[in-house]
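**Student:** Pasting the relevant annotations from TrEMBL:
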BINDING   Arg110, Lys149, 154-160, 184-187, Glu192, His215, 270-271  ATP binding site
DOMAIN    114-300  domain 'ATP-grasp'
Amino acid sequence: MSKDTDVILPGATLGVLGGGQLGRMFVHAAQAMGYFTAVLDQDATSPAGLVSHHHIRTGYEDPQGLAELARLCAAVTTEFENVPAGALNQLATSLPVSPAGSAVAIAQDRAAEKAHFVKCGVPCAPYAVIATPEQLAAVNDALLPGILKTARMGYDGKGQVRVKTRAELAAAWEQLGRVACVLEKMLPLAHECSVIVARGRNGDIVNLPVQRNLHREGILAVTEVYAGNLPAAQAEQALAAAKSVADGLDYVGVLCVEFFVLQDGKLVVNEIAPRPHNSGHYSQNACDVSQFELQVRCMTGLPLTQPRQHSPSIMLNLLGDLWFRQGGDTPATPAWDKVLQLPGCHLHLYGKADAKRGRKMGHLNITAATPEVVRATALKAAEILGIAPF
Ligand code: ATP
Ligand code: MG
């Protein structure tokens, strides 16, 4: 077994738990650097499985699947925060695993995550944990109106109910199946931002520039990254908070920290993702090191150098809705040829066969020499594709 201090050089095989689009882009980055790849995911048509050298088609907790992954790989990472932490811990008995199961376990659970923010001294939304009828009864009225979120397994706004009154809160908890939840106070948001940091085994930490994010219906729609996208003081504060969250976890790997910027300018942390993040996709075309290359460097012990953004950039998420613009149930391929006539448009599609409304099918990275041009181009691309202006 390689020791955690060994550098794993190209030619070795790197493994990833999860076969979604993040795994696919990790595989692309690893292969570009000369690594072989192995994906563990049940789905025979998973986006990452389709492009990997090896695809182990078992569940995350299947002992044979995990043993095969450990046999093939020199190191393993994850692309999905809901991989059971136990699977990561088991793999860690025979090879380097980053991020560690303990860090992923915190990111999997909104209650543990919020407790970690408090421990790091990073402000988050006022909240209460609701796992029992007693905790429900004891909720402070000051948390209403609020959002009740399942503590585990939420994504893209799923597992969340907005509540105004105690009666609505009680009904929402029933609706969510009385599972452990977190009630968060509804905050007056001015906008949202996120930061991606990468932390090595030796504690070195580098970052991508702070991203400004627009969500629609709980799903990320647009990320804008260029000088002036946020006031400098907010960006510095977000970066400092992200670094302290990563240091506090003794984190190894790529970590995304999402923030709310309130109408009074205050910054509060929303949540963390223990992996590359949708809001970091622009780095593929706008930075000299992408978030996926950072993931490869972290897990192999290669040096981390500070990425440099060379172009102002906007990312547009391509949801399945764009395939249904004509109405009806028959999907139609969007006019990629028209979009790609615009300068600086980089199309990324995830190889998903069925377009469904709300499903992330791909993204479009737009780069230009100036923020003005990147915005003008992105708005044209959005118009061609049927994405609402921003
Ligand atoms: P993702 O998969 O994007 O991480 P998620 O399902 O984990 O999403 P959250 O990030 O908790 O969901 O919330 C989704 C969106 O809902 C946020 O980006 C924000 O726009 C809005 N939202 C969540 N919590 C609050 C809050 N306390 N106050 C105001 N708006 C909120
Ligand atoms: Mg979120």
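Numbering starts at 1 and runs along the chain as it is shown here.
Using N, Cα and C of the backbone, Cβ positions are placed for all residues, glycine too.
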**Student:** Across all the protein chains here, work out how many other Cβ atoms are within 10 Å of the Cβ of Lys158 (ATP binding site).
**Tutor:** 12
**Student:** Identify which of the binding-site residues Arg110, Tyr155 has its Cβ surrounded by the largest number of other Cβ atoms within 10 Å, counting every protein chain shown.
**Tutor:** Arg110
**Student:** Need the DSSP three-state call for Glu184 (ATP binding site) to compare against my parser.
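**Tutor:** Its secondary structure by DSSP: strand.
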**Student:** Does anything in the same chain, at least 6 positions from Leu187 (ATP binding site), have a Cβ under 8 Å from its Cβ, and if so what?
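**Tutor:** Non-local contacts for Leu187 (ATP binding site): Ala125, Phe260, Leu262, Val268.
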**Student:** Can you tell me how many other Cβ atoms are located within 10 Å of the Cβ belonging to Asn270 (ATP binding site)?
**Tutor:** 19
**Student:** Translate the DSSP assignment of Asn270 (ATP binding site) into the three-state scheme.
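**Tutor:** Strand, per DSSP.
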**Student:** Give the number of CB atoms, excluding that of Glu184 (ATP binding site) itself, located within 10 Å of its CB.
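**Tutor:** Around the Cβ of Glu184 (ATP binding site), 21 other Cβ atoms lie within 10 Å.
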